[in-house]
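S.K.: Structure below; questions to follow.
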Amino acid sequence: MVDKSVTKALSVTRGLGIGDQEVIPILEDLLTVYGNDWTLIEEDNYRTLVDAYFEHNENKGVEHKSMGSGRPAKRLHLAGKQERAFPKMNHSSGKSTSQESRTPLTSSRLQIIKASKPSASDSRFESSSRLSHAQPNNKVDSSTSSGVAAGAGDRKSQFLRSSPAVKSFDGPFGEPSCSHVTRENVPSKLQKNRLPKPSTEKRINDLPLSPKPITMIRPEPQKPPPRIDHSDRPIIQDEKKRVNFLKDITKGTEKVKISLIDEIGNETLPKFNYIPQNIIYQNANINISLARIVDEDCCSSCSGDCLSSSIPCACARETGGEFAYTAQGLLKEEFLRACISMKVEPKEDHFVYCKDCPLERSRNDDNSERCKGHLLRKFIKECWRKCGCGMQCGNRVVQRGIVCKLQVFLTHEGKGWGLRPLEDLPKGTFVCEYIGEVLTNMELYNRNMGSGKERHTYPVTLDADWGSEGFLKDEEALCLDATFHGNVARFINHRCSDSNLVDIPVEVETPDRHYYHLAFFTTRKVAALEELTWDYGIDFNDINHPIKAFHCRCGSANCRDNTRKRK
């Protein structure tokens, strides 16, 4: 059985005179971008699909033949009384009998006019059989650009676009010209892509194509209609905005592709180097060796999946003798609740204070201030190389890497780039790890002082276990900086208190907790396309921090940025 969503989409584009073989690759790309979610594609009568089709043609460098300046063609909104190409309107727009109406329609003569309210009885699109009665002139006029006109009964505007893949046949002056779209005009390279479908459904390319060329009538030029009542809204010309889209920003280094899309069109692409694992910048001291892992800290006698054992192994000791993960790979409810509580509502005994704080020492060697405290954190200890279990063990979630379908997108709230899932995420799902350069606190301080006003990401201090040390050398007080080298976590925006992600320390390679992994898990169920956020733990009143706090736009009722509340 043919997918109804695909059939409906192709019926719309056929009504616009666009061949199935031209639309199918575009539709495949859109489904890839939106994770096979039809919601945004079907919105506004498949506006996204139509825009993407013409955007594809524009990107191939095709221009209107009638425009001598060489600028790319722009889509204009056109409405009003169009006897053949558009549905009837409730009111008359007046007659156009001047000589202007007898001039061939070109891109230079398109006008923006007010749209009239369509009748409820109007059909969504004119049938191709009605349009096919027009008799084209065999003489081709190269000065006239070919176009496609479509009517929509449930909208107040119609679209008129030039189609670079059609041949133009212009009628005599005073008569509308028509264009034919045939299979021969479809580039062969656009016929190669295939959209994966379940075995119970037919592929999109298995759908029968229209047996006849579809003919479109371009509307006759006319004067602007007389003034209409206030119930009709004017259609405003909007500039064609460029949509930036990258299929995979990971350069193939992750198990899943992570796309990037800018639907607003006013942001430059982020400049950074994607890395899937942390990498030492220069002076950080990280000692990873099997000799440092004692027998009591590993499960060398285990095999297969440690979670399937009736008695938890030694690797569960850190989490109270019970594994932190469920058999489904999610965080257990009780453990997740405890981690969230310590982060959102920390108590006084949840903090430790250094006698000689590395953070304060890096800011001022001569006269360091008193330590402001470091939050004690619950750790997850995963199995590693010295353990006898396999890589698919249920206690190796973070080290297996990203498995969620994610997308970087440009936010509408002025927060810049953000991260969202393309599928629903259950509560306790591992999303990604914060990856970046491993720096000492002194290296980070010097880097920030030298960067001036340059834009950067907020670093992560690996201070979850500083309280167990009497004195930390600079090369042992570490942090992560994803400004120049990092992964997708660098795009996660801040939200005070009620974020949908929580960061949890994870011990993997070494029991030395000067260095550990920082993993993000969902605090609740997160819907597809909902922005992912986490609490950076920023003190907006700390004027001495090397990175000045930004103006928070999180929108949380518990926002800690008092400067914005006073405005």
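Even glycines carry a Cβ here, placed using N, Cα and C.
Taken from TrEMBL, the feature region 'Disordered' covers 85-232. Feature annotation from TrEMBL assigns compositional bias 'Polar residues' to 90-110. Among the features that TrEMBL reports, compositional bias 'Low complexity' is placed at 119-132, 142-152. Under the heading domain 'Pre-SET', TrEMBL lists 302-401. The domain 'SET' annotation in TrEMBL covers 404-537. Residues or ranges marked as domain 'Post-SET' by TrEMBL: 548-564.
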S.K.: Summarise the model's confidence over the domain 'Post-SET' (548-564) as a mean pLDDT value.
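M.R.: Its mean pLDDT is 73.
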S.K.: Under the DSSP assignment, what numbers of helix, strand and coil residues are found in the domain 'SET' (404-537)?
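M.R.: Output for the domain 'SET' (404-537) reads 21 helix, 50 strand, 63 coil.
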S.K.: Reported in the order helix, strand, coil, what are the DSSP residue counts of the domain 'Pre-SET' (302-401)?
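M.R.: Across the domain 'Pre-SET' (302-401), DSSP assigns the residues as follows: 33 helix, 8 strand, 59 coil.
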